[in-house]
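Q: Quick one: the structure is below, and I'll ask about it shortly.
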Amino acid sequence: MDGKVGNTATGCPVIHGGMTSAETSNTAWWPNALNLDILHQHDTKTNPMGKDFNYREEVKKLDFVAFKKDLHALMTDSQAWWPADWGHYGGLMIRMSWHAAGSYRVADGRGGAGTGNQRFAPLNSWPDNVNLDKARRLLWPIKKKYGNKISWADLIVLAGTIAYESMGLKTFGFGFGREDIWHPEKDVYWGSEQEWLGAKRYDDKDRQSLETPLAAVQMGLIYVNPEGVNGQPDPLRTAQDVRVTFGRMAMNDEETVALTAGGHTVGKCHGNGNAKFLGPEPEAADIEDQGLGWINKTTRGIGRNTVSSGIEGAWTTHPTQWDNGYFYLLLNYDWELKKSPAGAWQWEPIHIKEEDKPVDVEDPAIRHNPIMTDADMAIKMDPVYRKIAERFYKDPDYFAEVFARAWFKLTHRDMGPKTRYIGPDVPKEDLIWQDPVPSGNRAYDIAAAKAKIAASNLTIGEMVSTAWDSARTFRGSDKRGGANGARIRLKPQKDWEGNEPQRLTKVLRILEGIAADTGASVADVIVLAGNVGIEKAAKAAGFDIIVPFAPGRGDATDDMTDAESFDVLEPLHDGYRNWLKKAYDVRPEELMLDRTQLMGLTAHEMTVLVGGLRVLGTNHNNTQHGVFTDRVGVLTNDFFVNLTDMANVWIPSKDNLYEIRDRKAGNIKWTATRVDLVFGSNSILRSYAEVYAQDDNKGKFIQDFVAAWTKVMNADRFDLA
């Protein structure tokens with residue numbers, strides 16, 4: 001339908017259903033308006049499980065032994081509608097798991113396998129995910145059998161892990177607990193391209209200019225182009241892409257080689273046919289195809305005639321067993337460029353022994369050349385990667401250990417701390433990339449700690465700002481950051497410009513002393529100080545309140561912290577404290593929206609927090625923009641009252657700053673940023689601002705502010721769930 005009149009195959013016009021078209025949406029009419037949709041995704045209206053369903057409790061009821069046994073059996077239970085290569089689905093399942101987890105990028109923590117997002121657009125229809133819809137359909141009988149006790153997200157990841165076990169690898173472990181989403185994610189920026197595989201993400205030859213936060217080199221790819229840079233083979237240039245891409249997934253060179261080699265030790269590429277015979281991707285497929293895409297309705301299109309990437313062949317001699325054959329073939333043979341039957345570039349060995357060739361997927365009497373992609377040849381030709389590969393070749397046990405750990409990291413990187421892992425196979429070892437935090441003391445005298453904080457010389461602004469800065473690093477995307485651990489006192493956070501190091505040092509010196517005197521953790525005292533500041537500010541406004549507090553945060557140490565990995569959590573902007581590190585191409589209000597989504601806040605929570613923080617005097621470096629009150633430090637609704645007062649007029653000043661003048665007298669009353677003004681400009685945000693500006697909602701404002709504040713402070717308290 002085009003939004004006006006639909007026309008079915010029978011030609012019968014209808015006038016209903018127009019609002020299902022994106023062409024008539026508000027964003028189509030006003031594309032530059034602030035779109036708050038990313039704050040309201042994944043709510044209960046789209047979730048069929050009901051508000052009382054708790055997957056993390058339900059999965060604990062799973063018969064883990066029987067479930068894994070069924071997964072093992074599935075690997076060799078070939079189905080005629082989509083037969084298994086060599087009678088084993090391992091390669092297909094690993095590719096599915098890999099491409100789910102591999103969409104993770106460290107810059108914003110988005111992507112990854114933690115939500116089952118591969119079931120939805122755009123991932124379910126990416127060119128790099130051709131035929132992974134078949135893998136998920138093969139899993140459906142198991143999902144159907146175990147029902148609510150297993151999420152699609154967990155099942156998709158575990159299928160790859162079980163596949164490796166089935167083929168002989170001793171895996172490192174597995175943690176259940178990934179919760180499904182029920183519609184496409186709106187917050188993930190996959191790139192600006194309007195066409196698949198568009199080569200627009202780099203502007204230089206050294207391949208270092210990939211736009212942040214992206215990790216894949218082209219739209220629709222998980223990693224790099226397997227044929228070469230922009231489809232042109234050049235292993236050393238591809239090596240640059242590989243290093244950047246895997247680095248943006250938080251993988252070092254050794255992990256990169258291990259994952260590439262381990263992923264290509266089993267399974268095969270599919271390109272024995274003509275891609276033009278493939279039908280449309282799942283999102284564009286005919287209704288009778290029932291969500292399956294890339295269906296070949298012209299030729300056979302399955303088994304040995306399958307077309308996926310277009311490259312054709314296996315990497316190793318024995319593609320259904322874990323061994324060291326990848327390095328044997330890669331390092332011991334010379335390779336030359338060839339074209340696959342589908343027309344894709346691939347590398348094939350020169351003068352290979354017949355016994356080193358893998359057999360045909362259907363007829364073991366037939367053997368074919370193995371293949372390597374340009375990324376594989378990058379491992380051979382890049383000097384750093386080559387050295388690692390040679391060590392793995394000489395020490396298969398070491399390779400297996402490094403790969404098992406790297407696979408575990410790949411498939412668990414976006415799950416957050418180890419406390420979120422569920423099940424009998426969770427490794428006991430703490431890993432530094434899990435950002436470990438020790439358990440904290442819960443038995444100290446909270447009232448005594450609050451009394452000492454209140455008696456200190458810290459201002460309300462200092463206490464609230466420090467607590468906010470400690471907690472605001474939390475990312476709901478990969479569950480990193482937050483106040484637990486008090487890493488704000490460690491490198492690199494203690495030196496971040498956004499944390500005002502001079503002010504932070506002064507405040508921490510006092511709070512660390514209070515922690516030592518009371519037996520509380522510094523992490524707890526930082527949050528408690530913010531609460532004390534809010535309680536004092538509310539009391540000054542005439543409201544006696546107690547801000548909820550849950551003790552038990554621990555204090556991380558430098559030894560528990562990979563300082564470099566925390567660089568990506570540095571705030572470069574914070575609309576809540578009215579701060580930008582520098583001018584950006586993206587509008588300040590959009591930057592605030594992105595941070596709000598990562599913190600897991602809604603639009604009205606964002607609204608009430610900004611209004612409250614402004615009057616508490618928490619602006620970065622004590623700037624006065626947006627401080628629409630003459631009672632700084634008192635928790636009033638003055639920000640909203642003055643924002644919505646038509647006695648004021650807003651005049652552009654300079655550099656995205658504005659003057660608030662008296663409409664009659666013309667005198668300047670306050671200054672503001674775009675972040676301040678958007679709460680009066682955007683129709684949705686203004687509706688919230690008007691609620692908090694009402695005379696009868698002063699108490700509601702404080703109540704809602706405290707609730708949103710507590711949500712931020714406890715966002716990383718997975719031990720409370």
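Cβ atoms are placed via backbone N, Cα and C, with glycine included.
When I checked Swiss-Prot for this same protein, it listed these features:
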type: ACT_SITE; residues: HIS99; note: active site, proton acceptor
type: BINDING; residues: HIS264; note: heme b binding site
type: SITE; residues: ARG95; note: site 'Transition state stabilizer'
Q: Quick one: Cα separation, HIS99 (active site, proton acceptor) versus the residue listed as 'heme b binding site', in Å?
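A: For HIS99 (active site, proton acceptor) versus the residue listed as 'heme b binding site', the Cα atoms are 13 Å apart.
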Q: Sequence gap of 6 or more, C-beta under 8 Å: which same-chain residues meet both conditions with respect to the residue listed as 'heme b binding site'?
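A: For the residue listed as 'heme b binding site', the qualifying residues are TRP315, THR316, TYR326, THR373, ASP376.
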Q: On a simple 10 Å Cβ count over all chains shown, which one of the recorded positions ARG95, HIS99 is most densely packed?
A: ARG95
Q: Going by DSSP, is HIS264 (heme b binding site) part of a helix, a strand, or coil?
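A: DSSP assigns HIS264 (heme b binding site) to helix.
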